[in-house]
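Note sheet for the following structure.
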Amino acid sequence: MSKDLSATPEIPKEDGRPKWDNKFQYILSCIGFAVGLGNVWRFPYLCQIHGGGAFLIPYFIALFFEGIPLLHLELALGQCLRKGSIGAWNTVSPYLGGVGVGSWVVSILVSLYYNTVLTWVMWYLINSFQEPLPWSVCPLNANRTGFNKECYESTAVNYFWYRKTLNITPDIAESGTLQWWLILCLATCWAIVYLCTIRGIETTGKAIYVTAIFPYLVLTIFLIQGLTLPGATDGLAYLFTPNLNTLKNPRVWLDAATQIFFSLSLAFGGLIAFSSYNLPKNDCEKDAVTVAIVNSMTSLYASIPVFSVLGFKATTAYWDCLDRNIMSIINEFDLPEESIMRQNYTSWISFLNSSHPEKIAGLKLKSCDLQEFLDQSVSGTGLAFIVFTQAIILMPGSQAWAILFFIMLFSLGLSSMFGNIEGVFTPLLELQIVSKSTPKELLSGIICLISFLIALCFTLGSGSYWIDIFDRYAGSVPLLVIAFFEVIGVVYVYKIKRFSKDVKWMTGRKLNLYWQITWRFISPLLLLIVFMAFVALQMLRPPSYTAWNPKYEGFPMKEEKVYPPWVQAICVLLAALPCTCVPLVALFHLIKQKRRSKDTSLVSAEVFSCQGANSNFPHPKE
């Protein structure tokens, strides 16, 4: 590293910046941020629809060539610069300041809707203390002469989710009214986030011991219980039996790459913020590998109890189907009870089909196939609030399992929220617009209050439609663009040789060929391919959504609708807003530089040096 630096950026002294209490707290925070709701409700779904165990092949390839390298780059950058995302990229080059601003904008947008998902979880958790569970039975109609029509035509679980929780409108253009129960839960969730982030890592570092560790305890309890349920082995066999033919489908590889990317929470700025509170002399390479592997192993570990329970649900539904058919046959042919059992049902059907085909045809028996019930794949909120809640009803002691399940989801989401808020909080502390004398408690309170007020729109009847839009557009394409510029910025603007020396100074060892090749070529190329494929798939068909409409002729199937033009414009805006920060900030600095001088190089003469910036820390002997 050159030692003739004319200037170095100001870095807080060793005792002037908050630090993690210990290494374990830092690793837990990174794991808590990375391991979120997607590990429980998206990864198992992708395994299910993409060939079971075969999906693990592209998944681990993406982890090796995309996930781990990008995670190491962010942790090393934050630790080296000891600044949040905006300050870090401004230090590397003012022209790359837009990368940090883009991350900051994404963190804000994602925090708004992510905490609303926690609001739903809290509502279900509160209702889990009722006996019987409120989503287990349909309510009576207004005349109390029968069941509610909407509930009767669908299911009690669907009715509780769409009507009692969301009170959803049949169209995104119909806003509906604010739901007071969701407003109260939303306020409570933001209050909890505020209390946990009131002083940045000084408070989140304490809360993370509970929010990051507790989900593993609950998953283990569910694992033990799940494996004892009938049909659990069918669910696990369905999940992990490899179908290698699916690897010929490009969509499988795209889903594997995007799942790794989003699961590790890359490009949000939260990981840069977390690592900035480390001392410079820390093995960030080992940290990156540890966090990435724990995150992926958690996805696999979570899949086992999830599909044990889903296998149990499918088996129960299959048995119910057989029992209804058996009862119809016994009544029609006046057979003695228990003459037809589940075990001999197939032989009886074959016999009766050959001897009394007209009678059997007249019964209109349902087709009972276990495989069809296992094929009913669903992810996201559909898995958590519909399929899994339906399965919990069937489990002995359903109330206790519901409470455990929703506490686990809340803990998973809360620890991810810490990273999102840190991605917003840390850059604000370091920007000139916020006075250093401003108390952290006040700044954190203002962030949470403003976020709560904006997020009120998600408690409207159409709120869930807008959360889908935010998730699909604000939390996807921008992250790919930002990550691409992160790699390009470090490798080709700051220069890989200089960064390699910085990492060697921090870790005490030279970067091996794996990091050099992935950072220079493989990771940026993969990001570019994933981005282009992602955009191409979005453009194949007009943006659409599925609406819950009791008046739809195909009800209880959801009605597919195309977004109106004004909503499509908002979708484009959400995807473009963080991305445009990169060129706009670069253009601003270019114009500013041109006014001052003719020098327009991306890295100024006052090149940043990790060793120079952290000169108050002990250096290794040369």
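From the backbone N, Cα and C atoms, a Cβ is placed for every residue, glycine too.
Automated prediction, rather than curation, is the source of TrEMBL annotations.
Copied over from TrEMBL:
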- GLY32, ALA34, VAL35, ASN39, SER263, ASN295, LEU412, SER416: Na(+) binding site (BINDING)
- 26-43: transmembrane segment (TRANSMEM)
- 49-71: transmembrane segment (TRANSMEM)
- 92-114: transmembrane segment (TRANSMEM)
- 178-196: transmembrane segment (TRANSMEM)
- 208-232: transmembrane segment (TRANSMEM)
- 252-274: transmembrane segment (TRANSMEM)
- 400-421: transmembrane segment (TRANSMEM)
- 442-467: transmembrane segment (TRANSMEM)
- 473-496: transmembrane segment (TRANSMEM)
- 517-540: transmembrane segment (TRANSMEM)
- 566-591: transmembrane segment (TRANSMEM)
Top Cβ-contact partner of the transmembrane segment (49-71) among 26-43, 178-196, 208-232, 442-467, 517-540 (pairs under 8 Å): 517-540
Top Cβ-contact partner of the transmembrane segment (566-591) among 208-232, 400-421, 473-496, 517-540 (pairs under 8 Å): 473-496
Environment of GLY32, ALA34, VAL35, ASN39, SER263, ASN295, LEU412, SER416, the listed Na(+) site - residues of the same chain whose CB lies within 8 A of the CB centroid: ILE31, PHE33, GLY36, GLY38, SER265, THR298, SER415
Beyond the flanks of the transmembrane segment (442-467) by at least 6 residues, Cβ under 8 Å: 108, 111-113, 115-117, 119, 166-169, 171-179, 182-183, 186-187, 190-191, 193-194, 197-200, 381, 421, 424-425, 428-429, 434, 545, 547
Any contact, the transmembrane segment (92-114) to the transmembrane segment (473-496), with at least 3 Cβ pairs under 8 A: yes
Chain residues outside the transmembrane segment (517-540) and at least six past its termini with a C-beta under 8 angstroms from it: 62, 65-66, 68-70, 73, 250-251, 254, 257-258, 261, 476-477, 480-481, 483-484, 487-488, 490-491, 496
ASN295 (Na(+) binding site): tally of other CB atoms within 10 A of its CB: 24
Long-range neighbours of the transmembrane segment (208-232), counting only residues six or more past its ends (CB under 8 A): 25, 28-29, 31-32, 35, 196, 298, 301-302, 304-305, 308-309, 311-316, 318, 395, 401, 404-405, 407-408, 411-412, 414-415, 418
Close in space, distant in sequence - LEU412 (Na(+) binding site), Cβ under 8 Å, 6 or more apart: VAL35, GLY36, LEU37, ASN39, VAL40, THR211, PRO215
Candidate with the highest Cβ count within 10 Å, taken from the binding-site residues ASN39, SER263, SER416: SER416
Contact set, same chain, for the transmembrane segment (400-421): CB under 8 Å, 6 or more residues outside the stretch: 29, 32-37, 39-40, 107, 110-111, 114-115, 117-118, 121-122, 124-125, 128-129, 133, 192-193, 196-197, 204, 207-208, 210-212, 214-215, 218-219, 221-222, 225, 265, 268, 270-271, 273-274, 384, 388-389, 392, 444, 447-448
ALA34 (Na(+) binding site), number of other Cβ atoms within 10 Å: 27
In the chain carrying GLY32 (Na(+) binding site), residues 6 or more apart in sequence that have Cβ under 8 angstroms from it: ILE208, THR211, ALA212, SER415, SER416, PHE418, GLY419
Other CB atoms, at most 10 A from the CB of VAL35 (Na(+) binding site): 27
